[in-house]
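Here the structure comes first, spelled out in structure tokens, and everything after it is commentary.
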């Protein structure tokens, strides 16, 4: 769904709620391991249901799950220079068919706003620990910015916990690149620094979008200067590991670009003709050229006529 969202953004040059929904249908493959709620919503959508209804069709109050936040990174990049209101509205458009609960939307907004902020900062220079002291451009600056962006008390409270922990856990975080993860997972840096906070802000399986977004942020905060370690740390946090690693990878990529990606990671990806790794990289390059600043066109009263609308 991340690729489907990016495809729609590059095709339309902006967020278009109905085109995004149509793109989700185009890319829909039930074998790809969708969560139950998203699978039900997209199945209904592919059978002609209105995307304004599918988000509540199977979950009356809407999903607060992390799937919307997991796929939202392309929008954060495309809308990196947009005003907050335009970014928030674009997030709603991207989540419309599947996630309409306020916490589901706010978790995605947290992730998108983080990607937007990080993509304008450039790769960190100097020692990793410099980021803690530099409140404006480092982790503290990011967290303060996000507190101003998100809307729900749940999201604000979680981010405030992270902000307080940046200083409290300073001896355990912002360390040099991990030499051995086997050793690191037994260390105080991990047990008393990273894992303790991650377990507090997103206990269990990190299903809630706000908790998952915060856990991914914490992985980046702890490894601000080492993007590979940020992704590995997110995966080792336990629970919904693929979601956390995906989100942490998006944050790391926004801050560091793509030059850090290990060849063995890229080499393990499927790479069919017209799709797969190379197509995704080309899509990402087109996405980075976008500079969307206006909110999407209203969709509430528009006519949905199906994927070809």
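For all residues, glycine too, the Cβ spot is worked out from N, Cα and C.
Positions annotated as Mg(2+) binding site by TrEMBL: 240, 242, 243. Cβ neighbour count for residue 242 (Mg(2+) binding site): 11 (other Cβ atoms within 10 Å of its Cβ, all protein chains included).
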Let me know how many other Cβ atoms fall within 10 Å of the Cβ of residue 243 (Mg(2+) binding site).
25
Within 10 Å of the Cβ of residue 240 (Mg(2+) binding site), how many other Cβ atoms can be counted across all chains shown?
24
